[in-house]
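The following features are taken from Swiss-Prot:
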type	residues	note
ACT_SITE	HIS224	active site, proton acceptor
BINDING	ASP223, GLU373, HIS466	heme b binding site
BINDING	ASP225, THR299, PHE301, ASP303, SER305	Ca(2+) binding site
DISULFID	CYS130-CYS143	disulfide bond
DISULFID	CYS244-CYS254	disulfide bond
DISULFID	CYS248-CYS272	disulfide bond
DISULFID	CYS352-CYS363	disulfide bond
DISULFID	CYS571-CYS628	disulfide bond
DISULFID	CYS669-CYS694	disulfide bond
MOD_RES	SER313	phosphoserine
SIGNAL	1-23	signal peptide
Amino acid sequence: MKVLLHLPALLASLTLLQTAASASDDPTAETDIIHDTVEEVKVWVNKAFLDSRDRLKMAMTTKIHSTRHLSDYLKHAKGRTRTAIRSGQVWEESLKKLSQFLTNVTGQGLDLTLLSWEAGCDPPAPTMTCNISSPYRTITGYCNNRKNPALGSANRALARWLPAEYEDGLSLPYGWTPGKMRNGFPLPQPREVSNQIAAYLNEEDVLDQKRSMLFMQWGQIVDHDMDFAPETEMGSDTYTKAQCDEHCIQGDNCFPIMFPPGDPKLKTQGKCMPFFRAGFVCPTPPYKSLAREQINALTSFLDASLVYSPEPSLANRLRNLSSPLGLMAVNEEVSDNGRPFPPFVKMKPSPCEVINATAGVPCFLAGDSRASEQILLATSHTLFIREHNRLATELSRLNPHWDRETLYQEARKIMGAFIQITTFRDYLPILLGDEMQKWIPPYQGYNESVDPRISNVFTFALRFGHLEIPSTVYRLDENYQPWGSESELPLHTVFFNTWRLVKDGGIDPLVRGLLAKNAKLMHQNKMMTGELRNKLFQPNHTIHGFDLASINIQRSRDHGQPGYNSWRAFCGLSQPKTLEELSAVMKNEVLAKKLMDLYGTPSNIDIWLGAVAEPLVHRGRVGPLLTCLLGQQFQRIRDGDRFWWENPGVFTEKQRESLQKMSFSRLVCDNTGIDKVPLNPFQANAYPHGFVDCSSIDKLDLSPWASVKE
């Protein structure tokens, strides 16, 4: 079906200059103009993407490195994700060019369906046939919903629970145009907000007396299993990333974070922190909105995709296809006291080698490109591949007639259930506290009318976890005492730090630290440690770090996020308008005044900051707004997942009973040299109180998976 857009309406939204030129009445004229324009745009968009990849490779081989290079490595789009983002870039740039010189090409409007086809956007029709009888998820998440196979699959737009809010109604973020008002007030610079609200002078952390480091780390695991929005490239044939990196020149997809007067970073890092906008996808029929929509490169489901990847080609590379046992590939060069590490990435040199050239240990290859971002995350990935291989090996003993594919898929299915169970049984109740039942009622079965897509706002709600990260990572010995001469590692030294795992102790000392050390408490007066607020991706003294709080604020504007009060209204909460009302919501007059001085109105407070600033709910670790946003999202990914572990038919009744015995403590017992673990690993634990021998921890009984060969 031909979908048309009346151009005057578009131009009002784009605020672009329009010439008086008009095309011929020839019905082929529009087709030719669209084709020629898209082909022209493709040339320089493709060049920008190629240049970016080459520049990243070159950056890793030079002796002068920057925080930007390390960030680029994490946020660099690959495979199908890269293709989807490139098509979105071509679509948007082509639309801008067409709107500059066309008035009414055919007398009816611009054919957006044709434009989408020329730009390489996904066709509306399904691109694959779904095997509705398959007991296994697809790698991409496609076919989960039988009526709408693409729902929740990888490389689609994040869902909008509220309409996007951009300066121009289309793509420009608020804060882009100097002096531009929002709700009658100018927006403050993100770094200024960070300096005044997120910082604290005394760097001593306020530790959470009831939550372990594992509680913090599990939040990142869940996040990396459900959402990832890589950055896009420059949108212009004349503007380069170098201009953004080196000269802080705002333009196209460069949106630098400027340092305010008096900021200490002005002396060491110049005028700004470089910031590139998130990748986005083409609009989809029926084109009711042309506002920029950011991509989710992952499946929306809690399915262990961080272990297995949502990208089919990578998923295959992560497997040991030479083994008949359905195993994941492991590192053939190094091991951890005989236990496997993940394979190394092939990129030479990788950022992990760059930050410690002497050690020369590459980053790990995993289902998620961020696996080596920090040492505790790399430790978690190591545990997961070990557990997969343990499960696959045990299943092969039970079912020697099963082929490699069945063993792989069954182990993968169990791993997905483990992450689901651990998240909903152990993590969410102590995160959402007394509010959990309000937002996540007991499971009633799969509902195909529930939209499981990750919402755009959820990608900011989950960033509350940044305020739970302490300034130190601990390594402990078998008696849970300090391990070696460097038992306490400053947080900024563990980014891209695989060499510590491979050459300095393995994962066991770090796992003990996860179990026996405390998370940081999310505190209104001590929000974010300076290790993240000033030293993000600063692995050594030669590289100056980023500010994660500023990035979160700038990213929310990049995504066109509505402000604090809009989300309070969405959740049925009060919308403060005055200092007194905001003070009552925050239960903190000093904080409320700082926010009002910066933003002018509570309506303008950036969603991430407003949400994390709220006082915690009873027995939880987030405030009322976050319990709403997090609770609704987790309810949707559970009820809208056809392969949810509790959905009848996914597992047998006996298998479900057995799966409930799985626990993180058992995962540790089965895949490390640790023999004493806490009964409640997500709660704060002080050894030996609450610790038991591994023989006291329930094991997963795999006998319900035994089958008789037909």
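Here the Cβ of each residue, glycine as well, is placed from N, Cα and C on the backbone.
Here the Cα atom of THR299 (Ca(2+) binding site) is found 30 Å from that of CYS669 (disulfide bond). For CYS254 (disulfide bond), the Cβ neighbour count at a 10 Å cut-off comes to 23, with all displayed protein chains included.
When Cα-Cα distances from HIS466 (heme b binding site) are compared across the disulfide-bonded residues CYS130, CYS143, CYS244, CYS669, the shortest belongs to CYS244. Listed disulfide-bonded residues: CYS143, CYS363, CYS571. The one with the lowest count of other Cβ atoms within 10 Å of its Cβ is CYS571.
Under the three-state DSSP scheme, GLU373 (heme b binding site) falls in the coil class.
On a Cα basis, CYS254 (disulfide bond) lies 36 Å away from CYS143 (disulfide bond). Cβ neighbour density within 10 Å is lowest for ASP223 among the binding-site residues ASP223, ASP303, GLU373. On a Cα basis, GLU373 (heme b binding site) lies 22 Å away from PHE301 (Ca(2+) binding site). For CYS352 (disulfide bond) paired with ASP225 (Ca(2+) binding site), the C-alpha to C-alpha distance reads 22 Å.
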